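Visitor: Input: one structure, supplied below.
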Amino acid sequence: MSVAGKNVVFVGGLGFIGYEACKTLITRDLASLFVFDILDKPEAVKALEEINPKTKVYYTKFDITSKDNIKQSLADVIAKVQYIDVLVNGAGILNDPNVEWTMNINLIGLINTTLEAIPLMDKNKKGRGGVIVNIASVLGLEPGPPAAIYCASKFGVMGFSRSLGDPHYYEHTGIAVVTFCPGLTDTPLKNNVATKYTFDYSKEIGEKLNHSKTQKPEVCGAHLAQVIELRDNGAIYISNQGTLTKVKPSVYWEPTY
(Lines of atoms letter the chains of each structure in order from A; the text may use other names.)
(Lines give C-alpha, C1' and ligand atoms only; values in the text may rest on other atoms or scores of the structure.)
Protein backbone atom coordinates (compact mmCIF):
# COMPACT_ATOMS: atom_id res chain seq x y z
CA MET A 1 0.00 0.00 0.00
CA SER A 2 1.37 3.37 -0.95
CA VAL A 3 1.01 5.91 1.85
CA ALA A 4 1.32 8.84 -0.55
CA GLY A 5 -1.67 11.12 -0.09
CA LYS A 6 -2.76 9.28 3.07
CA ASN A 7 -3.52 10.57 6.56
CA VAL A 8 -1.44 8.97 9.32
CA VAL A 9 -2.06 9.11 13.07
CA PHE A 10 1.01 8.09 15.05
CA VAL A 11 0.55 7.58 18.80
CA GLY A 12 3.93 7.95 20.47
CA GLY A 13 5.38 9.61 17.40
CA LEU A 14 7.98 11.58 19.36
CA GLY A 15 9.55 8.53 20.98
CA PHE A 16 12.79 7.20 19.53
CA ILE A 17 11.44 4.40 17.30
CA GLY A 18 8.25 6.32 16.57
CA TYR A 19 10.10 9.48 15.61
CA GLU A 20 12.43 7.62 13.27
CA ALA A 21 9.42 5.97 11.64
CA CYS A 22 7.76 9.38 11.24
CA LYS A 23 10.92 10.74 9.61
CA THR A 24 10.79 7.91 7.09
CA LEU A 25 7.04 8.11 6.47
CA ILE A 26 7.05 11.84 5.82
CA THR A 27 9.38 11.32 2.85
CA ARG A 28 6.56 9.27 1.25
CA ASP A 29 4.45 12.37 0.52
CA LEU A 30 1.75 11.78 3.11
CA ALA A 31 -1.20 14.14 2.97
CA SER A 32 -0.98 14.64 6.72
CA LEU A 33 0.82 13.29 9.77
CA PHE A 34 -0.81 13.59 13.19
CA VAL A 35 1.71 13.11 15.97
CA PHE A 36 0.00 12.15 19.24
CA ASP A 37 2.31 12.18 22.26
CA ILE A 38 2.44 13.10 25.93
CA LEU A 39 5.86 14.59 25.18
CA ASP A 40 5.95 18.20 24.02
CA LYS A 41 8.84 18.68 21.59
CA PRO A 42 8.09 21.59 19.24
CA GLU A 43 11.58 21.45 17.75
CA ALA A 44 11.06 17.80 16.77
CA VAL A 45 7.72 18.59 15.13
CA LYS A 46 9.32 21.50 13.26
CA ALA A 47 12.08 19.17 12.03
CA LEU A 48 9.45 16.82 10.62
CA GLU A 49 7.79 19.70 8.79
CA GLU A 50 11.11 20.68 7.25
CA ILE A 51 11.76 17.18 5.88
CA ASN A 52 8.80 17.47 3.52
CA PRO A 53 6.86 20.75 3.51
CA LYS A 54 4.21 19.15 1.26
CA THR A 55 2.97 17.06 4.21
CA LYS A 56 0.90 18.85 6.83
CA VAL A 57 2.13 17.94 10.33
CA TYR A 58 -0.13 18.29 13.37
CA TYR A 59 0.90 17.77 16.99
CA THR A 60 -1.60 16.74 19.67
CA LYS A 61 -0.70 16.46 23.34
CA PHE A 62 -2.13 13.04 24.03
CA ASP A 63 -2.98 11.18 27.21
CA ILE A 64 -3.52 7.57 26.22
CA THR A 65 -4.93 6.76 29.67
CA SER A 66 -7.92 9.08 29.11
CA LYS A 67 -10.80 7.72 27.02
CA ASP A 68 -12.18 11.25 26.65
CA ASN A 69 -8.84 12.49 25.33
CA ILE A 70 -8.61 9.58 22.89
CA LYS A 71 -12.13 10.23 21.59
CA GLN A 72 -11.63 13.98 21.20
CA SER A 73 -8.19 13.68 19.60
CA LEU A 74 -9.39 11.26 16.92
CA ALA A 75 -12.52 13.35 16.34
CA ASP A 76 -10.26 16.35 15.73
CA VAL A 77 -8.41 14.39 13.05
CA ILE A 78 -11.67 13.61 11.26
CA ALA A 79 -12.74 17.25 11.52
CA LYS A 80 -9.48 18.38 9.90
CA VAL A 81 -8.91 15.79 7.15
CA GLN A 82 -12.08 13.62 7.06
CA TYR A 83 -10.29 10.25 6.98
CA ILE A 84 -7.76 8.23 8.98
CA ASP A 85 -5.87 5.83 6.72
CA VAL A 86 -3.12 4.67 9.07
CA LEU A 87 -3.04 4.38 12.85
CA VAL A 88 0.15 3.40 14.65
CA ASN A 89 -0.12 2.61 18.36
CA GLY A 90 3.40 3.17 19.62
CA ALA A 91 3.08 4.49 23.17
CA GLY A 92 4.85 2.36 25.75
CA ILE A 93 6.72 2.32 29.06
CA LEU A 94 8.83 -0.09 31.08
CA ASN A 95 8.06 0.30 34.78
CA ASP A 96 7.11 -2.99 36.40
CA PRO A 97 6.76 -1.63 39.97
CA ASN A 98 3.80 0.42 38.73
CA VAL A 99 1.52 -2.30 37.41
CA GLU A 100 -1.54 -0.14 36.69
CA TRP A 101 0.43 2.54 34.86
CA THR A 102 2.21 -0.06 32.73
CA MET A 103 -1.00 -1.83 31.76
CA ASN A 104 -2.94 1.41 31.20
CA ILE A 105 -0.37 2.77 28.75
CA ASN A 106 0.92 -0.36 27.07
CA LEU A 107 -2.32 -2.29 26.71
CA ILE A 108 -5.55 -0.64 27.85
CA GLY A 109 -4.79 2.68 26.17
CA LEU A 110 -3.81 0.90 22.98
CA ILE A 111 -7.06 -1.09 23.05
CA ASN A 112 -9.18 2.01 23.68
CA THR A 113 -7.46 3.94 20.89
CA THR A 114 -7.92 1.08 18.44
CA LEU A 115 -11.59 0.57 19.29
CA GLU A 116 -12.27 4.30 18.96
CA ALA A 117 -10.49 4.46 15.59
CA ILE A 118 -12.04 1.42 13.92
CA PRO A 119 -15.52 2.92 13.29
CA LEU A 120 -13.81 6.03 11.90
CA MET A 121 -11.72 3.92 9.50
CA ASP A 122 -14.28 1.20 8.65
CA LYS A 123 -15.05 1.28 4.91
CA ASN A 124 -18.71 0.48 5.67
CA LYS A 125 -19.06 3.32 8.16
CA LYS A 126 -17.18 6.64 8.17
CA GLY A 127 -13.89 5.56 6.62
CA ARG A 128 -12.19 4.04 3.62
CA GLY A 129 -10.27 1.20 5.28
CA GLY A 130 -6.56 1.32 5.96
CA VAL A 131 -4.07 -0.21 8.35
CA ILE A 132 -3.54 -0.28 12.12
CA VAL A 133 -0.09 -1.23 13.35
CA ASN A 134 0.19 -2.07 17.03
CA ILE A 135 3.68 -2.04 18.49
CA ALA A 136 4.27 -4.98 20.81
CA SER A 137 7.75 -6.37 21.48
CA VAL A 138 9.78 -9.53 21.14
CA LEU A 139 8.73 -9.84 24.79
CA GLY A 140 5.19 -10.22 23.49
CA LEU A 141 6.33 -13.44 21.85
CA GLU A 142 8.76 -14.81 24.42
CA PRO A 143 8.87 -14.61 28.24
CA GLY A 144 10.66 -11.66 29.82
CA PRO A 145 11.51 -12.79 33.37
CA PRO A 146 13.12 -9.50 34.52
CA ALA A 147 10.06 -7.48 33.42
CA ALA A 148 7.06 -9.75 33.84
CA ILE A 149 4.49 -6.91 33.90
CA TYR A 150 5.87 -5.30 30.75
CA CYS A 151 5.92 -8.74 29.15
CA ALA A 152 2.29 -9.38 30.14
CA SER A 153 1.22 -6.08 28.60
CA LYS A 154 2.93 -6.93 25.33
CA PHE A 155 1.47 -10.45 25.27
CA GLY A 156 -1.88 -8.68 25.63
CA VAL A 157 -1.12 -6.47 22.63
CA MET A 158 -0.22 -9.59 20.67
CA GLY A 159 -3.47 -11.41 21.50
CA PHE A 160 -5.59 -8.33 20.82
CA SER A 161 -3.92 -7.55 17.50
CA ARG A 162 -3.95 -11.12 16.21
CA SER A 163 -7.64 -11.41 17.09
CA LEU A 164 -8.53 -8.22 15.21
CA GLY A 165 -6.37 -9.40 12.31
CA ASP A 166 -8.83 -12.19 11.57
CA PRO A 167 -9.83 -12.19 7.87
CA HIS A 168 -13.51 -11.90 8.90
CA TYR A 169 -12.92 -8.43 10.32
CA TYR A 170 -10.78 -7.35 7.39
CA GLU A 171 -13.48 -8.38 4.93
CA HIS A 172 -16.03 -6.21 6.73
CA THR A 173 -13.92 -3.15 7.58
CA GLY A 174 -11.10 -3.04 5.04
CA ILE A 175 -8.72 -2.38 7.95
CA ALA A 176 -5.58 -4.50 8.14
CA VAL A 177 -4.29 -5.03 11.68
CA VAL A 178 -0.59 -5.81 12.00
CA THR A 179 1.69 -6.41 14.99
CA PHE A 180 5.23 -5.01 15.05
CA CYS A 181 7.73 -6.41 17.54
CA PRO A 182 10.98 -4.52 18.09
CA GLY A 183 13.90 -6.44 19.48
CA LEU A 184 16.29 -4.75 21.89
CA THR A 185 16.73 -1.23 20.58
CA ASP A 186 18.89 1.63 21.84
CA THR A 187 16.17 3.85 23.36
CA PRO A 188 15.51 5.56 26.73
CA LEU A 189 13.30 2.60 27.67
CA LYS A 190 16.53 1.17 29.10
CA ASN A 191 17.36 4.25 31.21
CA ASN A 192 17.53 3.54 34.97
CA VAL A 193 16.33 0.05 34.13
CA ALA A 194 17.54 -1.38 37.45
CA THR A 195 14.62 0.41 39.16
CA LYS A 196 12.08 -0.93 36.67
CA TYR A 197 12.36 -4.70 37.13
CA THR A 198 9.61 -6.87 38.60
CA PHE A 199 11.52 -7.80 41.79
CA ASP A 200 14.79 -6.74 43.39
CA TYR A 201 16.25 -10.12 42.56
CA SER A 202 15.27 -9.66 38.91
CA LYS A 203 18.34 -7.44 38.52
CA GLU A 204 20.83 -10.24 37.90
CA ILE A 205 19.00 -11.63 34.87
CA GLY A 206 17.83 -8.16 33.89
CA GLU A 207 21.32 -6.73 33.67
CA LYS A 208 22.41 -9.64 31.49
CA LEU A 209 19.56 -8.86 29.09
CA ASN A 210 20.25 -5.13 29.29
CA HIS A 211 23.85 -5.63 28.17
CA SER A 212 22.98 -7.77 25.16
CA LYS A 213 23.28 -6.40 21.63
CA THR A 214 20.88 -3.69 20.52
CA GLN A 215 19.93 -2.09 17.23
CA LYS A 216 19.66 1.58 16.33
CA PRO A 217 16.21 3.22 16.47
CA GLU A 218 16.76 4.50 12.92
CA VAL A 219 16.82 0.92 11.65
CA CYS A 220 13.80 -0.13 13.68
CA GLY A 221 11.86 2.97 12.60
CA ALA A 222 12.57 2.25 8.93
CA HIS A 223 11.33 -1.31 9.44
CA LEU A 224 8.14 0.02 11.02
CA ALA A 225 7.50 2.27 8.04
CA GLN A 226 8.02 -0.73 5.77
CA VAL A 227 5.49 -2.79 7.73
CA ILE A 228 2.91 -0.02 7.41
CA GLU A 229 3.35 -0.02 3.65
CA LEU A 230 3.07 -3.82 3.43
CA ARG A 231 -0.45 -3.69 4.97
CA ASP A 232 -0.23 -7.41 5.68
CA ASN A 233 -3.39 -8.16 7.65
CA GLY A 234 -2.93 -10.42 10.67
CA ALA A 235 0.84 -10.52 10.25
CA ILE A 236 3.50 -10.30 12.94
CA TYR A 237 6.90 -8.78 12.17
CA ILE A 238 10.07 -8.71 14.26
CA SER A 239 12.69 -5.99 13.85
CA ASN A 240 15.87 -7.33 15.42
CA GLN A 241 19.57 -6.66 14.86
CA GLY A 242 18.87 -4.83 11.62
CA THR A 243 16.69 -7.53 10.09
CA LEU A 244 12.93 -7.49 9.49
CA THR A 245 11.37 -10.95 9.75
CA LYS A 246 7.79 -12.15 9.37
CA VAL A 247 6.78 -14.52 12.18
CA LYS A 248 4.66 -17.62 11.68
CA PRO A 249 3.12 -18.21 15.12
CA SER A 250 2.69 -21.70 16.51
CA VAL A 251 -0.88 -23.01 16.70
CA TYR A 252 -1.48 -24.91 19.94
CA TRP A 253 -5.26 -25.15 19.78
CA GLU A 254 -8.12 -24.91 17.31
CA PRO A 255 -11.85 -25.25 17.99
CA THR A 256 -13.60 -28.46 17.03
CA TYR A 257 -16.85 -27.87 15.17
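In case you wondered, yes, glycine gets a Cβ from its N, Cα and C as well.
As annotated by Swiss-Prot, active site, proton acceptor applies to Tyr150, with the evidence given as sequence analysis. Under the heading NAD(+) binding site, Swiss-Prot lists 9-33, citing similarity to another entry as support. Annotated substrate binding site per Swiss-Prot: Ser137, in sequence order.
Describe each of these features in terms of where it is and what it packs against.
Guide: Neighbours of Tyr150 (active site, proton acceptor), defined as other CB atoms within 10 A of its CB across all chains, total 25.
Around the Cβ of Leu33 (NAD(+) binding site), the number of neighbouring Cβ atoms within 10 Å comes to 26. Leu33 (NAD(+) binding site) falls within a strand segment according to DSSP.
Listed in sequence order, Gly92, Gly144, Tyr150, Cys151, Lys154, Val157, Cys181, Pro182 are the same-chain residues at least 6 apart in sequence whose CB falls under 8 Å from the CB of Ser137 (substrate binding site).
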Visitor: Give me the long-range Cβ neighbours of Gly13 (NAD(+) binding site): same chain, 6+ apart, Cβ under 8 Å, in sequence order.
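Guide: Sequence-distant Cβ neighbours: Tyr19, Ala21, Cys22, Leu33, Val35, Phe36, Asp37, Val88, Gly90.
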Visitor: Under a three-state reduction of DSSP output, how is Tyr150 (active site, proton acceptor) classified: helix, strand, or coil?
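Guide: Going by the DSSP assignment, Tyr150 (active site, proton acceptor) falls within a helical segment, counted as helix.
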Visitor: What three-state secondary structure does DSSP assign to Val9 (NAD(+) binding site)?
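Guide: Going by the DSSP assignment, Val9 (NAD(+) binding site) falls within a strand, counted as strand.
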Visitor: Count the Cβ atoms, other than its own, that fall within 10 Å of the Cβ of Leu25 (NAD(+) binding site), considering every protein chain shown.
Guide: 28
